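Enquirer: Questions regarding the structure given below will be posed in turn.
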Amino acid sequence: MNPKLPYVLLAGAAVIIFILSCMLLSRGRRSPSCESQPNTVDKTGSMSQSLVFADLTPEEMVQVVQYLQGNLGVQLVDASRAKPSDNCIASVDLQVPAKAEVLRFLDGGGAHPAREALAVLYFGNQPDPNVTEYVVGPLPTPAYHRDVTVQKYGGKVPYHRRPMLGSEYKQVAAFLETVAFAAAPSFLQEVLEYDSTSMAFQTTAPHGFQSGDRKSWFILFQNVSGFFLHPVGLEVLVDHSSLDVSQWAVSRVFYNGQYYRDMVQLESAYVQGRISVEKVRKAPWDGDFSSMKPRAPSAALFPLQYEPQGPRYSIRKNLVLFQAWSFAFGMSVSTGLRLFDIRHKGERVAYEMSVQEALSVYGSNCPGGMSTRYMDGSFGLGRYTSPLVRGVDCPYLATYLDVHYLANSQVPRSTKNALCIFEQNLGSPLRRHYSNLQSLYYGGLVNSALVVRSIATVGNYDYVWDFIFYQNGAIEGKVQATGYPSSSFLHGDGLRYGNRLWEHTLGMIRTHSFNYKVDLDVGGLKNSLVAHDMAFEMTRAPWSPEQQIERPRLTKKVLDTEDQAAFRLQSKMPRYIYFAANSKNKWGHQRGYRIQITSFAGDHIPEASSMERAISWARYQLAVTRRKEEEPTSTSIYNQNDPWTPTVAFADFINNETITNEDLVAWITTGFLHIPHSEDIPNTVTVGNSVGFLLRPYNYYDLDPSIYSHDGVFFTNEQDFMACEINPLACLPKTASCLPNFPPFTYDGFQNMSRL
């Protein structure tokens, strides 16, 4: 044995112990916290130009309510407890100033437009009940109001067109319980095991078949979690057109495929054994199959996103700054998320991008389902914006903002964490190339984009609304649908109208259509609409004339009139259609922004329908019109309850006016057909139910502006790609080896729930 061997072994053991000790110590040492940039939400910053678009503050809403209470000369009842025969304030929202005024202020050094509110009032307690809209200002201390109803709509708004208040829903529920259901005690108790808390109902809309009707089918469900999937087979048609609640009546009753005059006749038929009874198994309180409680225990945590050096965007009141982008944001009570004054590299590319409407048209062999055409703006896409859950609805470390609104009450309400803003690494390159020919190099850019998101929960459906800003100057508007599929009671030929989802549950076929307003200002206020596409042409090969070549060529057309620029839903549309500026890029092309639509829309309701004009925006996948201050929206909150005489008919916007070198607006419709299937239980997923549009630079720049991004990566075979100054990714162990500061999880979504 070598006498030196023990010493060698001891030395080796000491080295191993030292290495292991270092490893253990390093594991026990906590990584440093990620550096954070200054607070991204500036709550005390100076007044900026973007505030011309800012939502009303709760204090301003209170001032408007107090002004109206003291200056209209009529008694105003709180809308939360108003009867149809009362006067009340239905909603208060920002009155967006006229575009010309705003541009003089933003671009020409003009005066700040007056800050005003738009108040919607129901006047039920007067000889001629009607809905009146007032502009109230100036804020924050109102001193005047003016009636703008006739100016906006060409006449008074009849009272029957008013959207239902939460108080009216409660009054209908009380009528059903105390009057309608009292007439059929045996049927309700023995067939439905009814008590005052065991049933939930869902209303339908529109309310009837002609102007003036206010008759609504109320579909009954078991009152359990996910009740939308638990129909019991009973539907009741309530005539609530009278302003006197005591005059309300049941007009018709439907049960398991049969119609009855009223609840009295249903009870009589049941007692006499002349009714086909289909008893529904009573569901547990959690809904059983409709429960969203996970069926598996928690396991390894899903991936999280964080910003190792803090957010790269900033928020100053209602202004967002991100790399080359800036824009103002807001939330309309009725239409939801909207953006204004959208600029890239300091130049305005769009004045407004806003959601206009979400429409769903249902089919069923039950009366409630077959008569449903929901126009969700009437219920309030902004009002029903829901609180967001960190880590699920948006990334955990997103910036969350509250939204304030006044609707169905004279007291402002707040929705906590109703908006989220975050930068997202989409996990794929925005562009890249690996060269192994001639020269050896790699160049690429991570696709990191800024997302602005809100989620509206209107009844059974949840709509995820996104506006996304990319580094190449593109903007995406996207909506994803999730939530519960609404259902009918399965009977008779029900499978003609959908798929069976459970024992008595029919998932009704429906179409979803979403309308957007996009007011592009490309290179200035005046634009034209240009279409580029392709066609094959036959030619002889110049070097071999006996041979023929089929080659694609570029086709070009200027669309001169609104009629030419109105593309029907299922018609062929030019694949490149863009707003063209009066200026040109370095290569002599008109600078432009292209509109690219992603849609899987079902068919539009036949135009012969008596209510089609109320949703005539859905005829078109794209319609471009002259911008007019008197055409601010494609629809109206009053269209839902009187679609037969629509307050706003979008089809009237298209009257063959010239659109060459004018201030133009694009009205974009996207959507999908939904045939619910077993995988929609318990919930519809967003995968495959995402539609929207892109606005993409088209010869707007001289080259791709993302080449100036600080996120670019480039190295050649001759460079040291492990050096930080060559390849910043090589430094991630230093620059990103930190622990994010996760704020504690909070959620306020179950507070202040009286939002009907």
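Sequential numbering from 1, following the chain as shown.
Cβ atoms are placed via backbone N, Cα and C, with glycine included.
As listed in TrEMBL for this protein:
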- Asp376: active site, proton acceptor (ACT_SITE)
- Tyr461: active site, schiff-base intermediate with substrate (ACT_SITE)
- 75-144: domain 'Copper amine oxidase N2-terminal' (DOMAIN)
- 162-257: domain 'Copper amine oxidase N3-terminal' (DOMAIN)
- 305-707: domain 'Copper amine oxidase catalytic' (DOMAIN)
- Tyr461: 2',4',5'-topaquinone (MOD_RES)
- 6-25: transmembrane segment (TRANSMEM)
Enquirer: At the Cα level, what's the spacing in Å between Tyr461 (active site, schiff-base intermediate with substrate) and Asp376 (active site, proton acceptor), rounded?
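Expert: For Tyr461 (active site, schiff-base intermediate with substrate) versus Asp376 (active site, proton acceptor), the Cα atoms are 10 Å apart.
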Enquirer: For the domain 'Copper amine oxidase N2-terminal' (75-144), DSSP counts of helix, strand and coil?
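Expert: Helix (H, G, I), strand (E, B), coil: 12 helix, 26 strand, 32 coil.
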Enquirer: According to DSSP, how is the domain 'Copper amine oxidase N3-terminal' (162-257) divided among helix, strand and coil residues?
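Expert: Once the DSSP states are binned, the domain 'Copper amine oxidase N3-terminal' (162-257) shows 32 helix, 29 strand, 35 coil.
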Enquirer: Inside 10 Å of the Cβ of the residue listed as 'active site, proton acceptor', count up the other Cβ atoms and send me the figure.
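Expert: The residue listed as 'active site, proton acceptor': 24 neighbouring Cβ atoms within 10 Å.
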Enquirer: Would you mind checking how many other C-beta atoms are within 10 angstroms of the C-beta on the residue listed as 'active site, schiff-base intermediate with substrate'?
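Expert: Taking every protein chain into account, the count is 22.
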